[in-house]
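One structure is given below, encoded as structure tokens.
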Amino acid sequence: SSNVGINRWRFLLQCLEDLDASLRKLNSRLFVIRGQPTDVFPRLFKEWKITRLSYEYDSEPFGKDRDAAIKKLATEAGVEVFVRISHTLYDLDKIIELNGGQSPLTYKRFQTLISKMDPVEIPAETITAEVMGKCATPVSDDHDDKFGVPSLEELGFETDGLSSAVWPGGETEALTRLERHLERKAWVANFERPRMNANSLLASPTGLSPYLRFGCLSCRLFYFKLTDLYRKVKKNSLPPLSLYGQLLWREFFYTAATNNPHFDKMEFNPICVQIPWDRNPEALAKWAEGRTGFPWIDAIMTQLRQEGWIHHLARHAVACFLTRGDLWISWEEGMKVFEELLLDADWSVNAGSWMWLSCSSFFQQFFHCYCPVGFGRRTDPNGDYIRRYLPILRGFPAKFIYDPWNAPESVQKVAKCIIGVHYPKPMVNHAEASRINIERMKQIYQQLSCYRGLGLLATVPPNTTNNGDGNRAGPSSGDNTQETNQITVHPSPANSHSEFSPFPVSCDQQSINIVQPQPGHTGVGMVGQARKQSQRGRGASTLKPHNEHRASVVLTKIQRHDSN
């Protein structure tokens, strides 16, 4: 896609290279086909004498439209089609059927439904040379030229100065990380969530989220590995649903989005509250490029752009800042930036999480707001994270590292960083902006009759977001003023571990769902890439491949040679 960043493309290409290496060990190869599937498949059906086509079911509207077009072409060509569910734990259509034909829109309801479902299907055995038997793939001498994995340069990217990948792509790396993850038996034995600290903000060698997103790691394999370990530690006791944490949150958002082609936008989205966000391209660019003047926010966005991953609470902080916290910019814009930069960006989970954090759907506690100073200071009091990603601020003492604009001029000179010259001043007064935005949200929700009927406005606490004297551009350095603006985090189920969370949400499982129906609208069918490992991209981007018209199709061609 045209708005997928270089780190995501590199991860995908590394995944394909690793898959090709694995297939070589089975006397096979990976075939990467250039072109649109609807153009390429009819020719290949004839050229390769294809009789059967199998692919993984894609639950997202984009994928369903694409696959329907391919299935139609295959049927017309006399090719038998096999579709299997493997990217999710459950058959999402059956969950919806069990819920009366509607997607469940609260996590509690979703848990109730899956508790009535058949057990999760055991993952398939690993393919070995013995399993392949006499199957072989004819490979031509010019295979790499015709069907090899493309390079970043072929996709139009400049690679000069590109740093090494913090997250190497591929199934081999994914399985290694899974074993490291499962070695932490104390976590499962004690059933404790890992405590948040400065090291939590950095990429972990046991992180799994990009590998789950791209299918390098089977969600079912992960599910059963967790189950087996839990039973071993807990003497064969039945694992609770909460053990599977973000695997189920991922499934929840997939289910919510599967029949809603407008899930990633406000317009015509029946579950999204229509909030009149501001359009401010300049402010959006400062946020996306890490130039807000708030070191905590800027360090997070810098890490995201450099490495392609940030901790889930860091995602919460920057999402709140962009939307209802400070800038009052639509969640759609933030979602596009994450879609470009996040290795683990997943259409359903990304859109659902942005609606959640902006209080546009699923979650309505708009009176809680992340402080762009206090939250970071509580997590990493010494400011090592800030110094790592914003070296310009390295010379500031811990007292001022999160609010350097409050540092005396003498301290700024010693740090060799004058605020407003070498590093920007805060772009907003957080105390004032958050106060105004909470009032805006309150007025919006007062207008929703379903919200008024629940009488929840009476529970809104007095606004305590005054972080300073009102004259400063941002929060003061005093602990008391920061604490009043700290969000109260409602934890996800126990062991919702950040390392494999695409974009986890801190929530109250009893949260209400607000639905504002929109006029009916028919989604536009799209035909694009033909694998789950392909990318989705919408909106503007700073990184665009030159040959945007191309789409890659990943195929493995196998022919059986019988000895007789």
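Every residue gets a Cβ built from N, Cα and C, even glycine.
Computed from a predicted structure; not experimentally measured.
Per TrEMBL, these features apply:
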type	residues	note
BINDING	Gln246, Leu247, Leu248, Trp249, Arg250, Glu251, Phe252, Phe253, Asp344, Ala345, Asp346	FAD binding site
COMPBIAS	477-499	compositional bias 'Polar residues'
DOMAIN	1-89	domain 'Photolyase/cryptochrome alpha/beta'
REGION	462-505	region 'Disordered'
REGION	520-549	region 'Disordered'
SITE	Trp277	site 'Electron transfer via tryptophanyl radical'
SITE	Trp331	site 'Electron transfer via tryptophanyl radical'
SITE	Trp354	site 'Electron transfer via tryptophanyl radical'
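DSSP assigns Asp344 (FAD binding site) to coil in the three-state reduction, outside any helix or strand.
A helical conformation is recorded for Leu248 (FAD binding site) in the three-state DSSP classification. Classification of Trp277 (site 'Electron transfer via tryptophanyl radical') by DSSP places it in coil, neither helical nor stranded.
Once the Cα atoms of Gln246, Leu247, Leu248, Trp249, Arg250, Glu251, Phe252, Phe253, Asp344, Ala345, Asp346, the listed binders of FAD, are compared pairwise, the greatest separation found is 17 Å. Ranked by Cα separation from Trp354 (site 'Electron transfer via tryptophanyl radical'), the binding-site residues Leu248, Asp344, Asp346 are led by Asp346.
The recorded positions under consideration are Phe252, Trp277, Trp331. Their Cβ neighbour counts within 10 Å are lowest for Trp277.
Taking H, G and I as helix, E and B as strand and the rest as coil, DSSP gives the domain 'Photolyase/cryptochrome alpha/beta' (1-89) the counts 46 helix, 14 strand, 29 coil. If you measure from the Cα atom of Gln246 (FAD binding site) to that of Trp331 (site 'Electron transfer via tryptophanyl radical'), you get 21 Å. Rounded to a whole value, the Cα-Cα separation of Phe252 (FAD binding site) and Trp331 (site 'Electron transfer via tryptophanyl radical') is 20 Å.
Looking at Leu248 (FAD binding site) and Trp331 (site 'Electron transfer via tryptophanyl radical'), their Cα atoms lie 23 Å from each other. Recorded residues Arg250 (FAD binding site) and Trp331 (site 'Electron transfer via tryptophanyl radical') have their alpha carbons 19 Å apart, per Cα-Cα distance.
In terms of Cα distance, the recorded positions that sit within 10 Å of Trp277 (site 'Electron transfer via tryptophanyl radical') are Trp331, chosen from Trp331, Asp344, Asp346.
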